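Some features that TrEMBL has for this protein:
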type: ACT_SITE; residues: E266; note: active site, proton donor
type: ACT_SITE; residues: E463; note: active site, proton acceptor
type: BINDING; residues: D134, H174, D182, K378, H383, T425, N464, A465, R496; note: substrate binding site
type: COMPBIAS; residues: 67-76; note: compositional bias 'Basic and acidic residues'
type: REGION; residues: 61-87; note: region 'Disordered'
Amino acid sequence: MTSTLRCSPSFINLKDSTKSQKTPGEYFSAAPCFAQTKPSYRIRVIRNSVQEAQLSFSKSKPSMLEGYRRSEKPEQLHQALSGGHSKENDARVPVFVMLPLDTVTQRGNLNRPRAMNASLMALKSAGVEGVMVDAWWGLVEKDGPLRYNWEGYAELVQMVQKHGLKLQVVMSFHQCGGNVGDSCSIPLPPWALEEISKNPELVYTDRSGRRNPEYISLGCDSLPVLRGRTPIQVYSDYMRSFRDRFRDFLGDVIVEVQVGMGPCGELRYPSYPESNGTWRFPGIGEFQCYDKYMRTSLQAAAEAIGKRDWGTSGPHDCGQYKQFPEDTGFFRRDGTWDSEYAEFFLEWYSGNLLEHGDRILLAARGIFQGTEAKLSAKVAGIHWHYRTRSHAPELTAGYYNTRHRDGYLPIARMMGKHGVVFNFTCMEMKDGEQAGNAESSPEGLVRQVKMATRSARTELAGENALERYDARAYGQVLETSRSNSGNGLCAFTYLRMNKKLFEGENWRHLVHFIKIMSEGGRDTKLLKRGSSGSNLYVGFIKEIKTVEDVIEVVLV
């Protein structure tokens, strides 16, 4: 799993699409549902037919993205819900740990099996519930359409089972490489990149015409553009192959399948690509709706309401990637983001994203039904400029969340309809730690998501956005894991297993944290004990000899 800023794609030359550009960053990672919300501007581009898209639009006109409701007191829309603690406050929260991005090699083998075995043994002794791994489309289906190689993952599943751990597996249909936290390069399958090189319109495109090959554009979801199959069919075949290969482990060892639905595996547009200096925190990003399939859809939506001029382009005054809201006519405090045109465009833009998620999750639900493995999906934690009226970075990413509208309730309802866990990040971040000019509020954003998932009766799981090892970060996760304000967490996945995690003080903090989460987060004083250790830690040391013995073989 990649995270919010960890795996945004780079703009790469499509003729040389296997090149990786590593851009270490220091800000955020992302980097990962239920009554459906039907957008009023619901467009399906079928065989590039504007007429058919208009027909689809006209049949779904009633309410513009159910769940988006103007509040009588809009300034209070994002404040915390009142109410007491629920019994969820005392529930145990299982902790998982993300494995390295390169857990499986380019050749499809398990990477450093001896180190992995020692790491899993250590994590099990610390009380971890299990681990999470990315099942990369670019590795598994690398050799050609419908030719799958799951052997490296099969070896990992057996090793996880041997240690009595559980496994979360991410169906990663996006590129890895060239972004914050990326330690390797894994592009899309070569045969898919060949199709993209023949038809560059298959990938997301910004207003300047820059193509982003990290993920196939949702504009062609239902078109047979990948050697006779639609992207949704390709993803479905992949998930079906995974189910068939690991049927005996699903629900027992493999307890969760997270369905990737966009860049970094998140349900969003690639609006803030950091590589090559295209975007820099805390920039507002740009809309990604300029490939021909998205343009056709926009045109159809505008014509369906008799506003043909609105379908020629996205907003003309929305600025550039690195700018701030007040630098633009569209996003500034009194900008056109609150106009009739903006309402049309933003509902179309976010509505397409919701329908994309709905299509993939509908397929996943049918494929994994009866396996007893939970399904989850990830939403990006875009917390910068959250304190502004327009919430510009959220809008360009596809979340129609402003001072007047709740952009996360429709997503939670869509996921809830399919019984999918809503996975969210930023759980370790505090407002006071953020740069002042970013207008960030990760705490406010998390509260809003917790309330949205509670209202939609959708389960909520969490991740940390940055690699953090300090007690302060763990303490914040404990705070956000409780249900006194919105949903409590059903699970937490820690980013990420590496050599540094097993070092003395870092390891002690992790062990304390796992113990507290296993007790429902009640004994928060544990994290204040510093480096004095605990019985759990001492017991672990006696069993494993020393943490240094583990570090010796872990991720060297």
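Glycine residues also receive a Cβ, built from the backbone N, Cα and C atoms like all the rest.
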State the count of C-beta atoms found within 10 angstroms of the C-beta of N464 (substrate binding site), not counting that atom itself.
24
Measuring Cα to Cα, how far is D134 (substrate binding site) from E266 (active site, proton donor) in Å?
13
For the recorded positions listed here (D134, E266), which one has the lowest count of neighbouring CB atoms within 10 Å of its own CB?
D134
Cα of R496 (substrate binding site) to Cα of the residue listed as 'active site, proton acceptor', in Å and rounded, measures 10
I'd like to know which of the binding-site residues H383, R496 has the most other Cβ atoms within 10 Å of its Cβ.
H383
Among all the protein chains here, how many other CB atoms are within 10 A of the CB of E463 (active site, proton acceptor)?
30
